[in-house]
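J.: I am attaching a structure below and will ask some questions about it afterwards.
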Amino acid sequence: MTDTPRIHFIPLESDPQIFTDLIRALGVHSLQFHDVLSLDPSDLLPGGALALPTPVYALILIFPTTEAYEADLKAAKRLAHAEGTNYTGCGAKEPVVWFEQTIHNACGLYAILHAISNLDPEIARLSIPSNSIFGKFLESCIPLSPEKRAQALEESTEIAEAYRQAATQGSTAVPNAEDEVNFHYVCFVKSPVNEHVYDLDGDKNGPADRGSAFGSGSVLSAGLDLAKSYIMAGNPNFQLMAL
């Protein structure tokens, strides 16, 4: 997020039913989120003890952050700004659709947007009606610069209301929107343009192409490897969900 967020949202509880309810409210049909209960692909594939419904289109990881982690992110963004290397990609030819996080505590929403925005075009056509809240929002955002795209999300009262209803449904006490919450969501998707796996985090300076490190296999296998890389970096308390 930016150093001085303009808008604050209630944090979203990491519950696949809440995430599914939110995308339903945005007009996304026939897709749902599920807990991922193993980091071993053989457990999760059809026939495995903890098999997921297939196919898997995206993974969302939630993990604890630290002051050092947050400081590193902010320093990297300030350096990119100073060097003029901020991500400026936009338009349908970009490998992925990325949203810069400018709404405080809304990283769960950004992870959902990243998962849904980067579906295979045929799946998107079947799952996202063009006249739905999300269908209209995504169509309007594709041509926009990251700055204008972030502004469009800030100004979407329909998405804000759907999110508010989802964020107040959790089983835990609802924190204040301006509280500091030391957990963060990131999303792993497979680009429908170049087949690479991307690490999408609105707090970073654009999408991170992980294809060179994790190959161009399924988003499930590559995403599990990416999740392991976060955990090995010192984030042992995590939760993983699949779309």
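Every residue, even glycine, has its Cβ placed from backbone N, Cα and C.
Reproduced below are the annotations present in TrEMBL:
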type     : residues : note
DOMAIN   : 8-243    : domain 'UCH catalytic'
SITE     : Q101     : site 'Transition state stabilizer'
ACT_SITE : C107     : active site, nucleophile
ACT_SITE : H184     : active site, proton donor
SITE     : D201     : site 'Important for enzyme activity'
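Locate each feature and note its surroundings.
T.: For C107 (active site, nucleophile), other Cβ atoms within 10 Å of its Cβ number 26.
There are 24 other Cβ atoms within 10 Å of the Cβ belonging to H184 (active site, proton donor).
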J.: Spatially, and counting Cα to Cα, which of the recorded positions is closest to H184 (active site, proton donor)? Options: Q101, C107, D201.
T.: C107
J.: How many whole Å apart are the CA atoms of Q101 (site 'Transition state stabilizer') and C107 (active site, nucleophile)?
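T.: One finds 7 Å between the Cα atoms of these residues.
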J.: Can you grab the distance from D201 (site 'Important for enzyme activity') over to C107 (active site, nucleophile)? Cα atoms, rounded to a whole Å.
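T.: A Cα-Cα distance of 8 Å.
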